[in-house]
Amino acid sequence: MRVQGSQRRLLGSLNSTPTATPHLGLAANQTGARCLEVSIPDGLFLSLGLVSLVENVLVVTAIAKNRNLHSPMYCFICCLALSDLLVSGSNMLETAVTLLLEAGALAARAAVVQQLDNVIDVITCSSMLSSLCFLGAIAVDRYISIFYALRYHSIVTLPRARRAIAAIWVASVLCSTLFIAYYDHAAVLLCLVVFFLAMLVLMAVLYVHMLARACQHAQGIARLHKRQRLAHQGFGLKGAATLTILLGIFFLCWGPFFLHLTLIVLCPQHPTCSCIFKNFNLFLALIICNAIIDPLIYAFRSQELRRTLKEVLLCSW
C-alpha cells in the first residue's frame with residue numbers, strides 16, 4: 001500500500017533495488033540522527049499471513065456451515081474475518097510477487113506491475129475500512145441486544161444486517177478507490193485518520209455504557225440466588241468483555257498505522273517523524289497480528305463456533 005509516489009515496492013523491484021523495506025517504507029533520515037528501526041523479514045510476513053489466512057478461512061467456513069450461526073451478529077463476525085483474510089492475503093500476495101520480481105523468477109512489464117499494485121492497494125484499504133465498520137457494527141449489535149433486549153429481534157433482523165453488510169462493502173471499495181486515486185492529498189489521509197478516531201470513540205462510548213450496565217446488573221442481583229446471578233451477569237459481562245478486548249487489540253494493532261498517516265501530514269520532513277516512518281514494517285506486522293488474534297477470540301469465546309470448528313477440522317481429515 002502506498003502513501004507517496006516513491007513508495008512503490010513492486011515497481012521498485014523491477015529496477016532491482018536492493019531495499020528490503022516493504023510497502024510504505026519512507027526515505028531514510030537525512031539528518032544523520034540515530035533511529036530505531038525494526039527489521040521484519042519477508043519470511044515473517046509470509047508466515048504471519050499464512051497463519052491468519054488459515055484461521056480466518058476456518059472461521060468463515062464454520063459460520064457458513066452451521067445454520068445456528070446465521071444470526072446478524074455472526075454475519076458481522078464472518079465479514080470481519082473476511083476482512084482480516086483480505087488483509088493477510090493482499091500482504092502475502094505483494095510480498096510473494098516482490099520476492100519473485102527481485103529474484104528475476106517473474107518477468108512483467110512496469111504497467112502490469114503498476115496495475116497489480118493498484119489492485120493490492122484497493123484490497124488492503126478496503127479491508128481496513130471494512131474492519132473498522134464491522135467492528136462498529138458488532139458493537140452496535142451488542143449494544144442493542146443489551147439495552148433493547150425485548151425489541152432486539154425486531155430491530156436487528158437478518159435482512160437489515162445483510163443490507164448493512166452490503167452497504168459497508170460497497171462504501172469501503174468506493175472509498176478505498178478514491179484513496180488510492182488521490183493518495184498524495186493530505187485531506188485524504190486526514191479523512192482516514194478522522195474516520196478511525198470517530199469509530200474508536202463510537203465503540204468506546206458503547207463499551208463503557210455496556211460495562212456500566214453490566215456492573216449495575218451485578219450489584220442489583222448480588223443478593224439473589226447464585227445461579228440467577230450467573231445467568232444475568234454472564235450475558236452482559238461476557239459480551240462487553242469480549243468487545244472491549246476486541247477494541248483494545250484493534251487499537252494497539254492499527255493505532256501505529258494511523259499514527260504513521262497522521263505524521264505524514266503533520267511532519268513529513270521532521271527527523272523524529274522520519275524515524276517513525278522507517279518502522280512501517282512493524283506497523284504492517286501488527287496489522288497482520290490483529291488478523292491472527294481476532295479468530296482466536298471468536299473460537300475460544302463462542303462455544304457453538306468452537307464446536308463447529310472442531311467438526312470442520314475433523315471432516316477435513
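Backbone N, Cα and C atoms are what each Cβ position is placed from, and that goes for glycine too.
Taken from Swiss-Prot, the feature topological domain 'Extracellular' applies to 1-37 (among others).
Positions annotated as N-linked glycosylation site by Swiss-Prot, on the basis of sequence analysis: Asn29.
According to Swiss-Prot, the feature transmembrane segment maps to 38-63 (among others), an assignment based on sequence analysis.
Within its own chain, the topological domain 'Cytoplasmic' (64-72) is flanked in space by residues 78, 141, 156-158, 160-161, 304-305, 308, 311-312, which lie at least six positions past its ends and keep a Cβ under 8 Å from the stretch. For 64-72 (among others), the entry in Swiss-Prot reads topological domain 'Cytoplasmic'.
The transmembrane segment annotation in Swiss-Prot covers 73-93 (among others). Within its own chain, the transmembrane segment (73-93) has Cβ neighbours under 8 Å at 23, 45-46, 48-50, 52-53, 56-57, 59-60, 63-64, 120, 123-124, 126-128, 130-131, 134-135, 137-138, 141-142, 145, 158, 161-162, 165, 168-169, 284, 287-288, 290-291, 294-295, 298, 305, counting only residues six or more beyond its boundaries.
Annotation comment: Swiss-Prot describes 94-118 (among others) as topological domain 'Extracellular', evidence class sequence analysis.
Per Swiss-Prot, the feature transmembrane segment maps to 119-140 (among others); the stated evidence is sequence analysis.
Mean per-residue pLDDT, taken over the topological domain 'Cytoplasmic' (141-163), amounts to 92. If you look up Swiss-Prot, you'll see 141-163 (among others) marked as topological domain 'Cytoplasmic', on the strength of sequence analysis.
The transmembrane segment feature in Swiss-Prot is assigned to 164-183 (among others); the stated evidence is sequence analysis.
Look at Swiss-Prot and you will find 184-191 (among others) tagged as topological domain 'Extracellular'.
Summarising the annotation, Swiss-Prot assigns transmembrane segment to 192-211 (among others) and lists sequence analysis as the type of evidence.
Here Swiss-Prot flags 212-240 (among others) as topological domain 'Cytoplasmic', drawing on sequence analysis.
For 241-266 (among others), the entry in Swiss-Prot reads transmembrane segment, with the evidence type sequence analysis. Through the fold, the transmembrane segment (241-266) approaches residues 3-4, 24, 128, 131, 135, 138-139, 142, 186, 189-190, 192-193, 196-197, 200, 203-204, 206-207, 210-211, 273, 276-277, 279-280, 282-284, 286-287, 289-290, 293-294, 297, 301 of its own chain, all at least 6 residues removed from its boundaries and within a Cβ separation under 8 Å.
Taken from Swiss-Prot, the feature topological domain 'Extracellular' covers 267-279 (among others).
Taken from Swiss-Prot, the feature transmembrane segment applies to 280-300 (among others). Listed as Cβ neighbours of the transmembrane segment (280-300) (distance under 8 Å, sequence separation of 6 or more from its ends, same chain) are residues 21-26, 38-40, 44-45, 48-49, 51-52, 55-56, 58-59, 77, 80-81, 84-85, 87-88, 91, 128, 242, 245-246, 249-250, 252-254, 256-257, 260, 306, 309.
The topological domain 'Cytoplasmic' feature in Swiss-Prot is assigned to 301-317 (among others).
For the topological domain 'Cytoplasmic' (301-317), the residues of the chain that approach it from at least six positions outside its boundaries are 58-59, 61-63, 65-66, 68-69, 74, 238, 242, judged by C-beta separation under 8 angstroms. Here the topological domain 'Extracellular' (184-191) is broken down by DSSP into helix, strand and coil counts: 6 helix, 0 strand, 2 coil. Residues 1-2, 10, 73, 76-77, 79-80, 83-84, 86-87, 89-91, 93-94, 164-165, 168-169, 171-173, 175-177, 179-180, 195-196, 199, 202-203, 206-207, 243, 246-247, 250, 254, 257, 287 of the same chain sit 6 or more residues outside the transmembrane segment (119-140) yet have a Cβ under 8 Å from a Cβ within it. Beyond the ends of the transmembrane segment (38-63), by six or more residues, the same chain brings 20, 22, 69-70, 74-75, 77-78, 81-82, 84-85, 87-89, 91-92, 95-96, 98-99, 279, 281-282, 284-285, 288-289, 291-292, 294-296, 298-299, 305, 308-309, 312-313 to within a C-beta distance below 8 angstroms of the stretch.
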